[in-house]
Amino acid sequence: MTQEYDNKRPVLVLQNEALYPQRRSYTSEDEAWKSFLENPLTAATKAMMSINGDEDSAAALGLLYDYYKVPRERRSSAVKPEGEHPEPEHSKRNSIPNVTEQPLISAGENRVQVLKNVPFNIVLPHSNQLGIDKRGHLTAPDTTVTVSIATMPTHSIKTEIQPHGFAVGIPPAVYHSEPTERVVVFDRSLSTDQFSSGTQPPNAQRRTPDSTFSETFKEGVQEVFFPSELSLRMPGMNSEDYVFDNVSGNNFEYTLEASKSLRQKQGDSTMTYLNKGQFYPVTLKEGSSNEGIHHPISKVRSVIMVVFAEDKSREDQLRHWKYWHSRQHTAKQRCIDIADYKESFNTISNIEEIAYNAISFTWDINDEAKVFISVNCLSTDFSSQKGVKGLPLNIQIDTYSYNNRSNKPVHRAYCQIKVFCDKGAERKIRDEERKQSKRKVSDVKVQLLPSHKRTDITVFKPFLDLDTQPVLFIPDVHFTNLQRGSHVLSLPSEELEGEGSVLKRGPFGTEDDFGVPPPAKLTRTEEPKRVLLYVRKESEEVFDALMLKTPSLKGLMEAISDKYDVPHDKIGKIFKKCKKGILVNMDDNIVKHYSNEDTFQLQIEEAGGSYKLTLTEI
């Protein structure tokens, strides 16, 4: 049986070539088929086909030839049932007849009606291997149309369409013993302009089936749809069809869980009180009106930073940050820190300390993100003058979208803070509550927030200016290792496309992370840092200022030798005694980073022709 079907050839195979020339349109079926069947199907032709084992092929061609020899008027009147209303002929051709409809054509029992000028493939039943071999020669082999012209098999015939991911098969109601199946074949290389009602002549409109595609076919492949299943036609979803492809910048909401000032004036920003070095939770979420919708593109990167509230030039801001850093006990002291709480790491990833005053991380807008941050600088730490009002500070959050191909954030918000030391925030709140309770309502000139309405949650205020880029601070002491300076924040979207470990690297990355091209290799000339010490002997009350020419142990020896007439070559050891009583050997690192403008009591001891110096911290 298998050998018998292997010897049979297909009746008609037209390859679906992408460059196949467009055939001219015919106004009638008779003209189309008669132009195709130019030579009559003689008995000799049938005999030759029978000798080659193509009885079915000869029968099929005879069916088609005899069918189109019948006049058009007789065919139209013969296929119309008497009990139905007359309807346009194109609806007859594009629908599968019911079981009760009987064909009245004497030339044969099977009919295959195909849209004119559309390539298609016809193969014999059970010749799956033959169909596979021929599909390998087609230009667009992702769709194969199989039409049975013999007795309808009892199993399901399916046409798999790989690009759409579903199979289109003959409906179960069509499986009956009467082999009267008709299949409508569409060529996807046709555009919707060819099917529009405004550009087609009346005759072409009458023969054209409705299409559920709203856009031009994009692939030159075939698709098969039965009339009852045309509703299954679904265009592929492109990136522009996503519900949430581009992140909207107006739907983000950030909150800080900290105490707010009770003395809020109308129109002013909310003042939040923080304790220096204490961690406070910051919550980030996307407050879209379409709640419950899962956004397919949902990763964003946010940068939390401490910035100055007042408008200052970039040079002034860097000068204030450098002064603050020079007053710290360690060069690694940061302006803002993030806690490694498990609650935080479950909602964020890719945490990077991109600067001393900024931290960036990635989070999913489908979920709520929470981070714990601490601020390590006071408002009064930026000036050497005592008793002056400190500089106001802001916590600012910039959010960048994955699809944002620029350095401009999609959303920016801030809240004004005032940082206290040693639980000063709680004392400030209690002091305001006490003053508010003593003040009479009639004497109040500014509207105060009632104490019973006070909450510990501050909502960040949106900032409309998205063009001004904040200043990132990176101390000069790290230039020798990192070869980078303080510059303006610039986060490219390429950084958002990958996710690494929780702490991707630490505390800094490469120049590419900031969107700044690597600088040319120039010799960096920077002035040596000067160190000033205040020293006095135990018997003295006034301090002497020791200015070290070089911030090193050798520079300290030279300064002491010049000031106290101690021979430089006879100085043996120099010790530093901390306030805790710890005695350590003085070295270059301590002199350079931990001794500037500190006060010491100097003790000089002579033993064995050498001097031992001890600097006791006061």
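Yeah, the Cβs are placed from backbone N, Cα and C, and that goes for glycine too.
As annotated by Swiss-Prot, region 'Transcription activation' applies to 1-91, with the evidence given as similarity to another entry.
Per Swiss-Prot, the feature region 'Disordered' maps to 76-100.
Residues or ranges marked as compositional bias 'Basic and acidic residues' by Swiss-Prot: 76-92.
If you look up Swiss-Prot, you'll see THR208 marked as phosphothreonine, on the strength of similarity to another entry.
Per Swiss-Prot, the feature domain 'Grh/CP2 DB' maps to 248-474.
Per Swiss-Prot, region 'Interaction with DNA' is recorded for 380-389 (among others). Per DSSP, the region 'Interaction with DNA' (380-389) is made up of 0 helix, 0 strand, 10 coil.
Taking Cβ pairs closer than 8 Å, the region 'Interaction with DNA' (427-430) reaches residues 259, 261-262, 273, 418, 420 in its own chain, all 6 or more past its ends. Annotation source Swiss-Prot lists region 'Interaction with DNA' at 427-430 (among others), citing similarity to another entry.
Across the region 'Interaction with DNA' (427-430), DSSP assigns 4 helix, 0 strand, 0 coil.
In the predicted model, the domain 'Grh/CP2 DB' (248-474) shows an average pLDDT of 82.
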